[in-house]
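Per TrEMBL, the feature domain 'Amine oxidase' maps to 57-491. Under the heading FAD binding site, TrEMBL lists Ser58, Glu77, Ala78, Val276, Glu468. If you look up TrEMBL, you'll see Tyr387 marked as substrate binding site.
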Amino acid sequence: MSHHDYNKSRRAFMTKVASGVGALTTFSLVPWNLESEPSIIGKSLSPKEVIVIGAGLSGLAAAWELKQAGHKVTVLEARSVAGGRVKTLKQPFADGLTAEAGGYMFSEAYSTANKLIGELGLIKKPVQFPTGGTAYYLAGKRMVASANSNVLPFGLTNEEAQLGPFGLVKKYIIDTLPTDISNPDNWSNPEVLALDKMSVTQYLKKQGASQGVIDLLKTTQYYATAPDKTSMLAVAKSDFGLFMGGAPFMLEGGNDSLPLKMAEKMNDIIHYGVQVTHINSSADGVSVKANRAGHEMNFNGKYIICTLPCTVMRGVKFEPGLSSGKKKAIEEYPYLKITRAYAQVSNAYWKKDDVGGMAYTDKSAFVYTHPTYKSFTYDDRCILEAYMDGDESIKVGKMAKDGVIGHALNLLNSVQPGLMDYYEGGAVKDWTYDPFSLGGPSWAGPGDMSAHLSNLQSPEGRIFFAGEHTTVLRSTMEGALRSGIRAAKNVNDA
């Protein structure tokens, strides 16, 4: 995207944001100045044998760097495909429709991701924002707020109602954050780290926000979906300091085009279907015991980069045992519970009533339309998603697939009535009970980054660690990539 096109896209987004709650996901006014994570320079004079565990973005980034630097790399991936929690569903949908089941959007502020996207020749698709009114399903009732109205179904004060959705976010969050919040490396500075001691709810109340504002953000904003259990530092750094610093976009063919293209160029070093069970480290080297289709496998090397989420690492045996701080961090670091269900519909039927394709509920669920980079007319076939998190995900995740889809159809119909007249088929991606993720992205609560982030980042002998959970840029594809490159540089320099 050229500088002109970027500014044009940014202005269009800001205009849409100002028009109503249907596009309340906002750009931060914090300057975007994050440089890409520096790569290893040149070829190593002492090539090392490195085992990378996991072929998600962080593992692929680590392997990419190490291989280019001349190291001998082996990547072990439990799934039969690369990408980890970046996954694009292409089946069972018609007409080439796709739906993102994992990492949802990139940002022009993702400097490391953008560098790789450019190198690999992938095509960006700007996000298209919904037009029309915004549907809500609250306290058992449906309502639609018109696109040109600031009348919102929340108990705002008169002053807050006058500010409108974007004005509220600007007043209570954007204008109150430290000026250098976009720098991911200063997270441990006292002024910045103080944000970790507060939940989103506590921070908003400290700034003078009413309970109505908190309810509004909880219902409509991904970053505030669990405001009492979310570290304000994580929100400030990942969401306002990074993601909202640039125009959002997706990739043509799906966001998993990035990890799949990276994996394609390293297919000779990736072993799929390999589930790691034991990790051993000694003064001389490392070894990994794994299982593939019931058969034991062993791998040996000099260093390991482990990119498994904490939820999965809890089931891996380390010899010798990890330090007490590392074990505590792995055991306690929180992750989102997420189940995503999709309904293909023959046309965007809600358009006939001038209602947008994004809707909100008080049931721990959001409603999105896929592919998000397309503008839909009434006659267009498309996909509705019920994004369910927290307790809702735990509840539906225990159901059979048909039960999850049935539950999602009821939820979708509550906000976009008439669904069954257009429904053609569905799909489910449950991250909560996926054995290779056991949850969505990490989601630090108040105090978690202060207590655990340094321990999550630190190596243990010959074992290095990467993954979005090891960075203050949690839950972002950029954070995952940067962490993998960081770990690769540390191994290169070891």
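Using the three backbone atoms N, Cα and C, a Cβ is placed for every residue, glycine included.
Classification of Glu468 (FAD binding site) by DSSP places it within a helix. A gap of 30 Å separates the Cα atoms of Val276 (FAD binding site) and the residue listed as 'substrate binding site'. Taken over all pairs of the listed FAD-binding residues (Ser58, Glu77, Ala78, Val276, Glu468), the Cα spread reaches a maximum of 19 Å, rounded to the nearest whole number. Ranking the binding-site residues Glu77, Tyr387 by C-beta neighbours within 10 Å puts Glu77 at the top. Once Cβ contacts within 10 Å are tallied over all protein chains shown, the binding-site residues Ser58, Val276, Glu468 are led by Ser58. Neighbour count (other Cβ atoms within 10 Å of the Cβ, all protein chains): 21 for Ala78 (FAD binding site). In the three-state DSSP scheme, Ser58 (FAD binding site) falls into the helix class. Computed over the domain 'Amine oxidase' (57-491), the whole-number mean pLDDT of the model equals 94.
Secondary structure from DSSP puts Ala78 (FAD binding site) in coil. Comparing the Cα of Tyr387 (substrate binding site) with the Cα of every entry in Ser58, Glu77, Ala78, Glu468, these being the binding-site residues, the smallest distance points to Glu468.
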